[in-house]
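Undergrad: Here it is, the structure in full.
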Amino acid sequence: MASEDIAKLAETLAKTQVAGGQLSFKGKSLKLNTAEDAKDVIKEIEDFDSLEALRLEGNTVGVEAARVIAKALEKKSELKRCHWSDMFTGRLRTEIPPALISLGEGLITAGAQLVELDLSDNAFGPDGVQGFEALLKSSACFTLQELKLNNCGMGIGGGKILAAALTECHRKSSAQGKPLALKVFVAGRNRLENDGATALAEAFRVIGTLEEVHMPQNGINHPGITALAQAFAVNPLLRVINLNDNTFTEKGAVAMAETLKTLRQVEVINFGDCLVRSKGAVAIADAIRGGLPKLKELNLSFCEIKRDAALAVAEAMADKAELEKLDLNGNTLGEEGCEQLQEVLEGFNMAKVLASLSDDEDEEEEEEGEEEEEEAEEEEEEDEEEEEEEEEEEEEEPQQRGQGEKSATPSRKILDPNTGEPAPVLSSPPPADVSTFLAFPSPEKLLRLGPKSSVLIAQQTDTSDPEKVVSAFLKVSSVFKDEATVRMAVQDAVDALMQKAFNSSSFNSNTFLTRLLVHMGLLKSEDKVKAIANLYGPLMALNHMVQQDYFPKALAPLLLAFVTKPNSALESCSFARHSLLQTLYKV
């Protein structure tokens, strides 16, 4: 490190915050690669008496630097809180596990008794969980109360490793007469899916002391939701349940409602964008009506809830004296339904708790496709049953053919809206309209476009116009989820759209990328374009796109330059950003 760099580092460290047993290097943007780089940080740690909290967020720590920092921590037995989120920016994923192992060993050697461990926004993936697995199983974590692992990309494998480590920690600590009493668990945006969530649910059942669980955006469907619900039932101290942007459907919502009936301490419920639908909302309303006396906030926004179900939810709030917010935005109440909802709450003197209904869909518009929606709901509920019976059907089919019968597409009956008579239809719901999807994109609508969705979207888009291609790309990528079926549908649509565009001689690739950066808020523009709010989907779609043969490699340096620049919107999607950066470095 050059002498001027050392002087700059020393100046930065001089501004280090020290308060109440806490040593903070938060947001200093320190690049600690070698032992020499970390020399002054180590001195600060060594000279700090009674160190209880160490903040390393917003810096980047390499393997060698982590090793010497860990050595300094070996003498800090009073350390209780490790705020170590976002401290591996720009590191290869292979660097992170050994760095975490070293830091963990330092804490174990010190005999620390941790209360809080925050490793959020470190894109370490499943392998990274192995980096702190030994720490979680050690006596240093027998006293752990808060574990925060938001946006780490753990995946199913990482979720299982984490669950096993927590279970082992509880077993070992119980043997010493002081069972692990974890209170706060945060693991949003980790691609846990059903298997990862189910494994963690088993650990939660063993622990039984949880007060807050935050697991939004994990691609969890009703089997995983049901497992979590059963685990929550044996955690009677739960106050906050945040499962935003997973997929409950009616089955998951009903299971969760049964658990809510048994809990008395719940204050905050966030099931927004969870597709609980009307029947699920009614079940939750019934659970709330009979309990949850301390409820302060309920979020059921964007859940495809209709008017009557929404009114049932509102009516369940009658005796909730502590209620501060009820969010039913983005459902299908219609103008009249919104007015009725407000009237119900006004009758309870609770009008002020109702969140905005600005994104509500008109009920009349919804009724036009009501039969199609109901059919889709029935189909989704039958999916699991069909999967379970698939093997039996495959065994029966050869026998039927042997009897001279032709294989046919399974059909079922629904009522004809005009005659009221049963009308045979294919078991799959009618495909959604491409223009409807592009106007109001959602994962469900994309899947309902069917196997030709990618071709249809590409055909619908004028690929000679970069602005229109940007618009289509952002709408498709906005519905990206880590759930396998949605992820593949998004990637296929992106491939069809962008291959058609980039292969066109009239398409201006540079203009496309420039306009894309503008719409993502990464490049300023004179036309004052409103940047999209969430970059996770577009970043994940870009990560896929830049690896394809059709992508002009000459665009990679420009994209890399803008994704590398500091940006608050990018920082909130650190896993997706880190993954894209790793890919771009290889292009």
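Using N, Cα and C of the backbone, Cβ positions are placed for all residues, glycine too.
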Undergrad: Please find, within the list 19-22, 127-130, 175-178, 523-526, the residue stretch that Swiss-Prot describes as motif 'SUMO conjugation'.
TA: 523-526
Undergrad: Report which of Lys279, Lys475 appears in Swiss-Prot with the annotation SUMO2 cross-link.
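TA: Checking Swiss-Prot against Lys279, Lys475, the SUMO2 cross-link entry points to Lys279.
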Undergrad: Based on what Swiss-Prot says, identify which of Ser29, Ser85, Ser358, Ser506 is the phosphoserine one.
TA: Ser358
Undergrad: Under a three-state reading of DSSP, tell me whether Ser358 (phosphoserine) is helix, strand or coil.
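TA: The residue in question, Ser358 (phosphoserine), is coil (DSSP, three-state).
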Undergrad: Measure from the Cα of Phe562 (site 'Hydrophobic interaction with UBE2I') to the Cα of every one of the recorded positions Ser24, Lys279, Ser358, Ser435, Lys452, then give the nearest.
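TA: Checking each of Ser24, Lys279, Ser358, Ser435, Lys452 against Phe562 (site 'Hydrophobic interaction with UBE2I'), the shortest Cα distance is to Ser24.
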Undergrad: When you measure from the Cβ of Ser435 (phosphoserine), how many other Cβ atoms are you left with inside 10 Å?
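TA: For Ser435 (phosphoserine), the 10 Å Cβ neighbour count is 10.
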Undergrad: If you measure from the Cα of Lys279 (SUMO2 cross-link), which of the recorded positions Ser435, Ser442, Lys452, Lys524 is the nearest?
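TA: Checked the recorded positions Ser435, Ser442, Lys452, Lys524; minimum Cα distance to Lys279 (SUMO2 cross-link) goes to Ser442.
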Undergrad: By a Cβ-Cβ criterion of under 8 Å, what residues six or more beyond either terminus of the repeat 'LRR 1' (48-71) are in contact with it?
TA: 17-18, 20-35, 37-38, 41-42, 78-91, 95, 98-100, 102-107
Undergrad: Please state whether DSSP places Lys586 (SUMO2 cross-link) in a helix, a strand or coil.
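TA: The three-state answer is helix.
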